[in-house]
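Okay, so here's the structure we're looking at.
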Amino acid sequence: MAATQPGATAMCWGCGLEVALPGPTATFKCGWCGAITLERQQPRSDPRCVKWFWLRDLATSSALVLLILLIIGGGVAAIFPVVFPSFSTPTFYLHSAIVCLVTFNIFFNFWAAAKGSPGTVPPLPFGSASLAPQGALDDCTFCVQCEQPKPSRAHHCRACRACVMGMDHHCPFIANCVGADNQRAFMLLLLYAILGCTYAMCMGTWALYKLLPELTAVSRAGRELWSGFPDKIPTIRDVLGLLLLVRVRVSVRLVASFYLTFMSFGVVIGAGFLLKQQLEGIFLGETAIDVMRRVPVVVTGDIVPGRVVESTWAGRLRKLDRVLGKGRGGRWWHWLLPRWPRTGQFSEHKKAG
């Protein structure tokens, strides 16, 4: 819409009513339905790579599932026989229960985050005053991609081809957006991945300690072989003897313990960074898209440059309860229980936003 002259009128896209404009403007808000009309809103053409997003999401999400299976299956197959020589002890059953509990929560929350609704904006009636009553489209803009009203806290995802309430980002590892509805499942996926990989690191370190004699024997043989270098160069027979010793003494379980320990460490670092970002976004009251666009979001707390953030533990716990507990209250450990993302909470998201 081009700039208008003083005293001119323009039609609201939300309710179809004529809106009197006080001066030259190209962006205005309807006083009836509350819809916002933006200047020269043209649909953006998506790059050619967008049509291949599904293939990228399929590859990365499959790689994540494979990585989880390698850590869990490899740990049980390689580390448990070293740490628990007997499978009939209470300690073995206790650790088996821990593995089953963490594994269930990882896969449940992965499936919930991947297949649950991220908070897709439902179709909202618009176009006439009868379809859009007073205040029905308050602060909504028009999404030219969806050709539907878009609330202020929603963003359009090109990969999902939909507007998502409270959209944080599109995560290729779950092949879905992280939005207001499935953010809880995504955060619990990260949390249980961190707990599970931390447990795997501890068990791997324990297994390496028990396999230390293998490393000691190989290290001693290597030092003896090269002790006279450069005066005495080892023969091919000596080198082959050392390699044979390595083949005999260094078991597959030792190599697997090293691999699983360091791979778990990498997952803890990566998932920890993502979880930290999610927590910071909750406390600041903004999403990753808001950070990129630098949209100021006002919440209760202490003022810092340009926005207000939560500084008290009580305020932060209230915000966490809104995401992890969905405002139901209750004990903190209720936040950790598996729960499928609720859908149809559009009005709640608008109020929270």
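In case you wondered, yes, glycine gets a Cβ from its N, Cα and C as well.
TrEMBL labels come from automatic prediction, so no person has curated them.
Here is what TrEMBL records for this protein:
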- 58-80: transmembrane segment (TRANSMEM)
- 92-112: transmembrane segment (TRANSMEM)
- 141-293: domain 'Palmitoyltransferase DHHC' (DOMAIN)
- 189-209: transmembrane segment (TRANSMEM)
- 254-275: transmembrane segment (TRANSMEM)
Ranked first among 58-80, 92-112, 189-209 for CB pairs under 8 angstroms with the transmembrane segment (254-275): 189-209
Per-region confidence, the domain 'Palmitoyltransferase DHHC' (141-293) (mean pLDDT, whole number): 82
